[in-house]
Amino acid sequence: MDFNNIPLATIKSSDDKGKDFIVEMTTRPSETKKKVPFSEDMREIPSLPNEEEANATDPQANEVADENGEGFEAEKISSWIWVLSAVAGISGLLFGYDTGVISGALAVLGSDLGHVLSSGQKELITSATSFAALISATTSGWLADWVGRKRLLLCADAIFVIGSVIMAASRNVAMMVVGRFIVGYGIGLTSLIVPMYITELAPARLRGRLVIIYVVFITGGQLIAYSLNAAFEHVHQGWRIMFGIGAAPALGQLISLFWTPESPRYLLRHNHVEKVYKILSRIHPEAKPAEIAYKVSLIQEGVKVDFPEGNKFQHFFHSLKVLFTVPSNRRSLFIGCFLQWFQQFSGTNAIQYFSAIIFQSVGFKNSISVSIVVGATNFVFTIVAFMFIDRIGRRRILLCTSAVMIAGLALCAIAYHFLPADTTQNTNSGWQYVVLASIIIFLASYASGIGNIPWQQAELFPMEVRALGAGFSTAINWVGNLIISASFLTMMESITPTGTFALFAGFCFVGLVTSYFTYPELAGMSIENIHKLLEKGFWQAVKESTKRVRKGRIDEA
């Protein structure tokens, strides 16, 4: 990218005496318009050319005029961005560990909480986390804009530690439910904040993979939990150790976050321009100072448009109004909420939460150990998604894997139909292995597609409504999680396992059809271009975006 003919923004420089000043560029880096004393509290960056003016100057300028500036981001990217994403992704480890550890704990609790648990009490203990996460996900959107992404992550870690200690020390069902509720509140915060934080830091060409780091940690946490479930299965009250271990990664992340930056867009909203300049310079170590300054000013211009003057309550109600009245924002909200609905009503968390109980029901004697297969499948195929989501694209992966999910669930329903009524008397029917195989098929396709694509939701929304829109979408995730976790065992008893898994297959079919007509290909696009694409309507956006996909790779339109 040649920046010589593009009007540039301001950069920090020094005169012959070493005194810092700000240089406002005109058309070439060698030409200066004025010098003003440098202040650590830089408040303003001069106005920039609009996109038409930039394109008239340089045919490639549209790459820089976007919010994410793909031309600028073609520069070498520092490994630091991977470290930041990994530190934030530890929240996913907490999420996944809690999902997996409850499966093993429910199978070995026995009467340790005062009596043998009923199905309803197991559902209550499991769903308490989802209910709390729903509450926190609903409220954390506007909190993220008020206090920042990083501070909320710090709070979530402290909350998770407290909840883990309470669960480990539980003496009755009520105490366990309270601990699960507290942990759920922390998980709900991170399920919204982490994908948004990574999205706002990530270069466009790496955004999909960087966000999937969060999902990799989720599935990694589940695998660790299933392994520990097996290790402590025969340890007296080993479930207490299993719950207590969950506090360790939370403490590790809490300490690590003190060395990570706040989101650049949040910082610019609060006029911390110099901090953003330093962050982008570190992410793009080979970029020219003028390129960094231009990028900073582009983001700042977007923040100024997205957040007009006013107090916090005015901003909130303004964002709420814009989210529901602007057609492109409504489409973004529909896609975000729909994808989260699809993920939860596919039935995956029923399998994650109750895998040990499921495998017990079909006749596996060592059901907790068999559950490790569930965690391993989820983890391995999330890595597959990590490798290909920015190469093949979100839409193509989603459509293909959804069809395989339907086949896996249908096969599971059929296998349950032919299982003997009393699996304790006949454990060699062969159909139990068909159930296991079908669940592996389902989870492999789930982890490759709908298991991670909804967490890309922050890319759907412009800055003005990002936290709010992502908050609504995440809330739908936890509503679905709550419904499934609170009703799965009851469904298995009332409409039979065959009916339950057939119902999940039906939900997936609805998800596949809706995805085909409404979900465009977004890989490789800047956030600003995504917003422009969705202005054209669902089907037009789908048609235009699919033209960008050529021979298995993503080309920017």
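Heads up, the Cβ atoms here are built off N, Cα and C, so glycines get one too.
Look at Swiss-Prot and you will find 30-44 tagged as compositional bias 'Basic and acidic residues'.
What Swiss-Prot records for 24-69 is region 'Disordered'.
Per Swiss-Prot, topological domain 'Cytoplasmic' is recorded for 1-76 (among others), and the stated evidence type is sequence analysis.
Here the topological domain 'Extracellular' (145-157) has, by DSSP, the following mix of helix, strand and coil residues: 12 helix, 0 strand, 1 coil. Among the features that Swiss-Prot reports, topological domain 'Extracellular' is placed at 145-157 (among others).
Per Swiss-Prot, topological domain 'Extracellular' is recorded for 202-209 (among others), and the stated evidence type is sequence analysis.
Taken from Swiss-Prot, the feature topological domain 'Cytoplasmic' covers 231-240 (among others), and the record attributes it to sequence analysis. Secondary structure of the topological domain 'Cytoplasmic' (231-240) per DSSP (helix as H, G, I; strand as E, B; remaining residues coil): 4 helix, 0 strand, 6 coil.
The feature topological domain 'Extracellular' is assigned by Swiss-Prot to 262-367 (among others).
Within the same chain, residues 205-209, 212, 452-453, 456, 515, 519-524, 542, 545-546, 549, 552-554 sit at least 6 positions outside the topological domain 'Cytoplasmic' (389-396) and bring their C-beta atoms closer than 8 Å to a C-beta of that stretch. Feature annotation from Swiss-Prot assigns topological domain 'Cytoplasmic' to 389-396 (among others); the stated evidence is sequence analysis.
Per Swiss-Prot, topological domain 'Extracellular' is recorded for 418-432 (among others).
If one looks beyond the topological domain 'Cytoplasmic' (454-468) by at least 6 residues along the same chain, the residues whose Cβ comes under 8 Å of a Cβ in the stretch are 141-142, 144-145, 192, 195-196, 199-200, 207-208, 211-212, 214-215, 265, 302-303, 305-307, 316, 319-320, 322-323, 329, 332-333, 335-336, 339-340, 342-343, 394, 474, 477, 522, 525, 527-528, 530-531, 534. Taken from Swiss-Prot, the feature topological domain 'Cytoplasmic' applies to 454-468 (among others), supported by sequence analysis.
Here Swiss-Prot flags 490-498 (among others) as topological domain 'Extracellular', drawing on sequence analysis. According to DSSP, the topological domain 'Extracellular' (490-498) comprises 8 helix, 0 strand, 1 coil.
Across the topological domain 'Cytoplasmic' (520-557), the prediction's mean pLDDT works out to 76. According to Swiss-Prot, the feature topological domain 'Cytoplasmic' maps to 520-557 (among others), an assignment based on sequence analysis.
Below 8 angstroms of C-beta separation, residues 153, 156-157, 160, 186-187, 190-191, 193-194, 197-198, 201-203, 206, 210-211, 213-225, 245-246, 249-250, 252-253, 256-257, 260-261, 282-285 of the same chain, each at least six residues beyond the ends of the transmembrane segment (77-97), sit close to that stretch. Among the features that Swiss-Prot reports, transmembrane segment is placed at 77-97 (among others), with the record citing sequence analysis.
Taken from Swiss-Prot, the feature transmembrane segment applies to 100-120 (among others).
Per Swiss-Prot, transmembrane segment is recorded for 124-144 (among others), and the stated evidence type is sequence analysis.
The transmembrane segment feature in Swiss-Prot is assigned to 158-178 (among others); the stated evidence is sequence analysis.
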Touch test for the transmembrane segment (100-120) and the transmembrane segment (499-519), at least 3 Cβ pairs under 8 Å:
no
Sort out the residues at least 6 away from either end of the transmembrane segment (433-453), same chain, that have Cβ-Cβ distances under 8 Å to it, and list them.
211-212, 215, 219, 339, 342-343, 346, 348, 351, 358-359, 362, 364, 370, 373-374, 377-382, 384-385, 389, 394, 397-398, 400-402, 404-405, 407-409, 411-412, 414-416, 419, 511
